[in-house]
Amino acid sequence: MLGVIIKRIESPSSRCAAALLVCVSRAALGSSRGYRSAGGGGGGGGGATSYTCSLPGLIDRGVAVSVLDFEIPAAEAVRRFEDYQRKSCIYMHAHNLLGSQPERQDPVPRPGSSGGPGAEPSGATPSSNTNTLTAAYLPYWCFEATFNSEAYAKLGFKDSRTGEMVWKDKADPLQLSTGAVASFDDPAMQVYASYKYVRDVGGGAGGPGLPLRCRAMTHAEARAGNVGGVALHPADMRQGLAWQLAVRALTHNQLQAAEGALREATRSTDLRDVRVALKVLTRHCRLVFLPAYIAVYQYGSRYKQGTSGVIVPQVFTAVVGGTKEGRVVAPEHLCPTKASLSAGGLVGGLGVLAGEVTWTTPFPGLETILPQLGSVEALTLAALAASGAGLWAHQRPQKLRTHHAAKQVRADFEFYKKYDIHETYGSGAATAAAAAADAKPTDGAGGNEEYMLWLWADADWRRWEQDEPWNWDEGERRIWAEELWRKQATRRLQRQRYIERMAAEAQRRAAEEEAEARRERLYGGGARTSSYSSHRPQDHGVGGAEGGGSMDASGRRWRRSDFLGYYRVLGLQDAEAISTDDIKQAFKVQALLLHPDKHVGADVDVQRDALVKFQKLQIAYDTLKDPEKRLLYDRGQLVH
């Protein structure tokens, strides 16, 4: 019906816009074939509708659905988990995390005992004092694609005379691959097709070569929802959404290959702003169910979120691949007792040994600084080392979470910085000025619109995957992913409309300035002035609600930009004129309020939020205290 309506549109431009809108709508809404709505009818508003895959329907339509049988028993999975903890923690691991599991020698798990391979997992909240190891088949959308890829970059060459680095854009893109094939065996093309577990845990069952070893699933197994008594987890992720994640992973692989290829082809000293243009030629897809053992266990305790001082058991989820070469994806658990005993014994033994050995130093006079250690000194050092090692092992999980949060803050900062560099000449009045001067922007300065869209999509999916994975909620992540997918489908259309609007504005301004120049030639400099100064379009990403600003060369006032919220973090968003002393004073005030030492003993979430805000405050201060960086930031730009 939509195709018939489009054919009846006579205007070519309107027909093109309507066709693009239909494509975006189809991509955003997704095909209803092969899916069953879990939320009733259609939905208005902002909520996302849940979809689960209908396996018999997919098989009837000729979609390849396959499954790989278990190759190891539950006892072998427990042994691999213990070996992983032992090696990753250097034999200072917590012992018997999964408890006593029943021995199973048969290669195919059978249902039966509680907490055994046949039981259904209890998710993130197992029963009290119960650790479960559950056999399951995890769903994966596996893709095979042929593609072409080109690499772009800025090349850096070191001047032999001055020693300075000279940067220039690569004139022609480097052809990385033509007709390359990314097969089902590539782990980047295997996407965990559910939201039940964190992405790292859910993707733990995949691996090279596994999809090609699978057998076809029968109709009886698809209707029953289990294979040999082991449940098939539903594939509730859309195929189109999984394809976006696969393309993202494939692009990252191509980026890694592009750096080496560019260095070899150009002999450049350094590279910057490396990016890849990927063009997919063909694509095939199949749904694969891979075997895995899901371990849900308790270790340690934590403060319950949203409460004051309520302590609850800490629950962890791990996965062990159910194949012979299956890998283990699990957090590392250091035992504070083992760490204390190991550090205390090592330091104490070395101290006693040092007391029996005569110090010989090549520097005279140091004999008094390095006295002979007695048993009391050795015991004291051992006690201090044991206490410090135990405290370190106890606080290590929280330190890892803090490091993860800081890493995400830094990744967001790098994204906005990179986006600003590429958007400078592609936004607002800068685009209009370039069009008026009949100058084409370079690829490195915003001319590559596909790269700009990919930057946004990559940052969106990174936040979705990595934002507080310890607070993973299946329903929230599903809604978030669906909203991101629809937003990215419509962003391309919005971006195209914005470019067309800016191009039309640039043409209007060029025509107006040409008419004004013609009037000045006819009537002199006192002729009617241009109305552009009173109707100048607001720059995309440059203007803002904040006050302040300066005068440019033409005498027009531009408003100060705060596109990253640096002035807002310092509490200076409403100030008109800001000096360096004002920035320093504001930093001191905010630092006293947000410093992590002020929140010692508070709730874990409060400490984490304060640390993230303090890191943002430091980044804002490092940028605004430098006059040159501050001037560029006020103009909506950012430098390295």
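Yeah, the Cβs are placed from backbone N, Cα and C, and that goes for glycine too.
Taken from TrEMBL, the feature compositional bias 'Low complexity' applies to 119-128.
Per TrEMBL, compositional bias 'Basic and acidic residues' is recorded for 511-522.
Summarising the annotation, TrEMBL assigns compositional bias 'Gly residues' to 541-550.
The domain 'J' annotation in TrEMBL covers 565-637.
Residues or ranges marked as region 'Disordered' in TrEMBL: 100-128 (among others).
Annotation comment: TrEMBL describes 511-553 (among others) as region 'Disordered'.
Across the range of the compositional bias 'Basic and acidic residues' (511-522), the DSSP-based residue counts are 12 helix, 0 strand, 0 coil. Predicted-model confidence for the domain 'J' (565-637) is 83, expressed as mean pLDDT. According to DSSP, the secondary structure content of the domain 'J' (565-637) in residues is 53 helix, 0 strand, 20 coil.
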